């Protein structure tokens, strides 16, 4: 196999691993929707980063993504504190506003003479084949960071997810915990959109863990199974997308993931009932 | 007598609604104190306010003369059962092990000593055979005992329980009360939020009657005699007493 195929597979595996890890904790903290909001709201950041820098450099685009993703989470938590609006309303509104802004900016760029070079529309549905070796180094660094934070903090994140009042009473900071989880989500999303795209990124966070949850109630097996489903489907999906020339990577990966979820549900014959 | 908790002018708002109005009261150490009041009277709010779980508008709280920050590690909090997601993928052992998590440490691992303590406390609440069960599989009383075990695992001086007797059977109630009494007899301070003065009241040493404001406080025998209960509840509560 030539180098570019290896880059694709290693890149996809890194995305799958990180997304499954972070997804497990967003799922446990009942923040799956926040993952969706973040993935949609990084679009304006990516486009803006491209407009300013004029190049499709993954690090710069990720910085842009991080900035607007962070802005979106700040807006969500600010509105939650200051208004009486329900959480789902706030998340849905934030998601749409940022995404609309991103789409408008994207259309503006593509109308310019240098369009096509950017390939920014790949961010909508993902195109893993566009990955290069520098991207891979960056992905490896981000993944290592996410794995390290998860390893050192999983007990605290897990306990917060289960009983945050108890953790606050013990002197842990809720805002710090939220900040860490949000930052990890933003990083994973910024990385993952290259493969899956903005629109489907949240599925890559949620589906591995929900599939795993049908099979176990123990944290360790939950994490292990999420990793297997997330990474396996990412690899299989990107392989299919390389075979069939014009199929974007994102939908392929999510289709494989969904197949796993549905198969598990059917095998258990208790559709979507979680195991106790 | 030594004061375990001293509360001065505590005022708490939930958004624009006044939940607690200038409450000043103290809790004696080495006693079982009941915080009693009807629904929406601010009992849980009082607990959450003094433990820093919700922000307070005004007022100060001290624990054995020191601040919450300094005393925090010696306080165990048992939350209300409605606040728990019983489908959460967590085992009995993991819940109890939460009692051993310490803040200000980056690397939070369970040590061998922690494991030993977890095992011991599970034995004390008679749940040793359920270590690896998911918490939703237990009965209401067993679930409450898991949370009591978590509090015991903290080796706290002050144990604060929010409505621990809701939705549990008599046998579990007895076993929780007997553990609570043992705690008191070994010098710990126990605070229990409860919604009326029926049945369990006789286990309390002292009572704080609350209805957004402090209605009365003192030894249980005095409180039961007085007309304070009527002030807090009207007649209904008296009828509930056996």
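Using N, Cα and C of the backbone, Cβ positions are placed for all residues, glycine too.
Curation plays no part in TrEMBL annotations; they are all automatic predictions.
According to TrEMBL, the features are:
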- A:6-28: transmembrane segment (TRANSMEM)
- A:33-53: transmembrane segment (TRANSMEM)
- A:59-78: transmembrane segment (TRANSMEM)
- A:90-109: transmembrane segment (TRANSMEM)
- A:136-158: transmembrane segment (TRANSMEM)
- A:179-207: transmembrane segment (TRANSMEM)
- A:219-240: transmembrane segment (TRANSMEM)
- A:252-272: transmembrane segment (TRANSMEM)
Paired segments the transmembrane segment (A:90-109) and the transmembrane segment (A:33-53) in contact, 3+ CB pairs under 8 A: yes
Stretch-level contact, the transmembrane segment (A:33-53) and the transmembrane segment (A:252-272), CB cutoff 8 A, at least 3 pairs: no
Dominant neighbour of the transmembrane segment (A:6-28) in A:59-78, A:136-158, A:179-207, A:252-272, by Cβ pairs under 8 Å: A:179-207
